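Participant: Please see the structure below; I have some questions.
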Amino acid sequence: MKAAVSLGDLVARGLVEAAEAPALLPVEQSFRIRLSGAMQGAIATRDDPVARQFIPSVQELDIKPDESGDPIGDEVHSPVKGLTHRYPDRVILHVTKTCEVYCRFCFRREAVGDEGHLSQDEIIAALDYVSVNPAIREVILTGGDPLVLSPRRIKDLVERIGAISTVDTLRIHTRVPVVAPERMTEALVSAFETRLTVILVLHANHAAEFTDAARAGLRAMQRAGIMLLSQSVLLRGVNDSLPALEELFREMLRCGVKPYYLHHCDLAKGVSHFRTTIADGMALMRGLRGKLAGPLIPTYVIDIAGGFGKVPITPDYVVAGATPGEWRITDWRGGVHDYRDPHCTTDAQSVQTILQKA
Ligand SMILES: *Cc1c(COP(=O)(O)O)cnc(C)c1O
Ligand code: SF4
């Protein structure tokens with residue numbers, strides 16, 4: 001099936017009613033539409049958890065005052081075009097702005113969708129920055145979706161990054177293995193033959209996105225020695241229930257993918273209908289703990305607006321008691337236990353000491 005790239009295509013494929021289309025025109029003008037063949041095939045009804053992620057809605061025109069064009073602050077820490085250097089030991093490289101699908105909740109929705117990839121000269125300039133900054137140990141390819149590039153271009157990138165002796169790890173943030181599994185060819189898998197440790201971080205949000213072709217592609221990557229992790233976005237009406245998250249993480253592990261991050265939905269423009277509260281997210285994380293095996297449980301994180309980075313949101317299992325070294329700890333069933341830290345001096349001081357030594 002061909003990708004649907006316009007409102008007209010969505011009407012023709014029966015994914016949008018003709019009568020709804022005029023009201024959606026301003027949405028199409030603001031945020032690009034693209035729905036890959038595989039994801040059209042994964043939609044059972046127009047209102048199901050797959051459809052909701054990709055089919056435009058008039059709610060996207062409702063932009064809240066706190067929402068921004070750069071919610072995670074990519075631009076705040078960009079020393080060279082296409083590169084974001086927020087943390088000392090790793091950089092992200094936006095190699096392209098295109099994707100196989102345009103997610104209606106995308107945190108980079110103002111930046112993605114333009115045609116064109118980073119030029120060869122721009123890639124060389126970005127990698128020059130990496131080679132003169134030896135504290136950088138990892139290059140993370142993102143976009144858009146880096147796996148829309150041809151295997152030949154990817155192989156070239158992998159070789160260039162592998163040639164920087166101070167870099168140990170190459171990471172790829174992608175939705176392609178699930179939304180366009182036909183791209184997971186042998187040529188693509190072999191493009192990642194390198195001395196580097198390669199980590200593929202798969203973005204998927206619902207078990208219904210996984211097809212047999214996706215499972216096969218992920219297994220092929222795993223057999224090639226690539227570490228498979230995931231990131232998901234917590235989305236209202238898509239996966240904000242215990243059964244939906246449980247099925248998603250079980251499906252991932254069946255494909256050899258370790259759930260890594262569950263993102264709180266960012267403050268991108270026009271996505272408030274997808275956003276849960278933080279309290280809901282914490283309750284869901286609490287519900288997963290103990291119910292699911294440890295390797296199935298991701299870290300729930302929020303990206304602080306303005307480019308301050310990701311922070312884990314943890315249910316308050318461990319709270320300070322009346323005196324230093326006294327803790328109240330809640331187990332997965334809700335039972336509360338007192339704990340006395342046998343090594344405690346004064347906690348506030350020891351934390352300061354640890355951070356100062358870093
Ligand atoms: C998310 C992100 C990373 C990766 O963070 P990890 O916690 O290592 O997964 C790196 N750089 C930027 C700018 C990011 O937004
Ligand atoms: S695949 Fe990623 S970058 Fe592309 S639209 Fe979806 S969330 Fe945004």
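Backbone N, Cα and C define each Cβ position, glycine as well.
Pulled these features from TrEMBL for this protein:
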DOMAIN    85-295  domain 'Radical SAM core'
BINDING   C99, C103, C106  [4Fe-4S] cluster binding site
MOD_RES   K310  N6-(pyridoxal phosphate)lysine
Participant: Kindly point out which of the recorded positions C99, C106, K310 have a C-beta less than 6 Å from some atom of ligand 1.
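Facilitator: Checked recorded positions vs ligand 1; flagged K310.
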Participant: As a test of reading the model: what is the averaged pLDDT for the domain 'Radical SAM core' (85-295)?
Facilitator: 96
Participant: Which of the binding-site residues C99, C103, C106 has its Cα nearest to the Cα of the residue listed as 'N6-(pyridoxal phosphate)lysine'?
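Facilitator: The answer is C106.
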Participant: Among all protein chains shown, how many Cβ atoms are found within 10 Å of the Cβ of K310 (N6-(pyridoxal phosphate)lysine), not counting that one?
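Facilitator: Total other Cβ atoms inside 10 Å, all chains included: 16.
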Participant: Look at the binding-site residues C99, C103, C106 and tell me which residue has the greatest number of other C-beta atoms within 10 angstroms of its C-beta.
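Facilitator: Within the set of binding-site residues, the most crowded position is C99.
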Participant: Taking 8 Å from the centroid of the Cβ atoms of C99, C103, C106 as the cut-off, which other residues in that chain fall inside it around the [4Fe-4S] cluster site?
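Facilitator: Result: V101, Y102, R104, F105, R108, R109, V112, R175.
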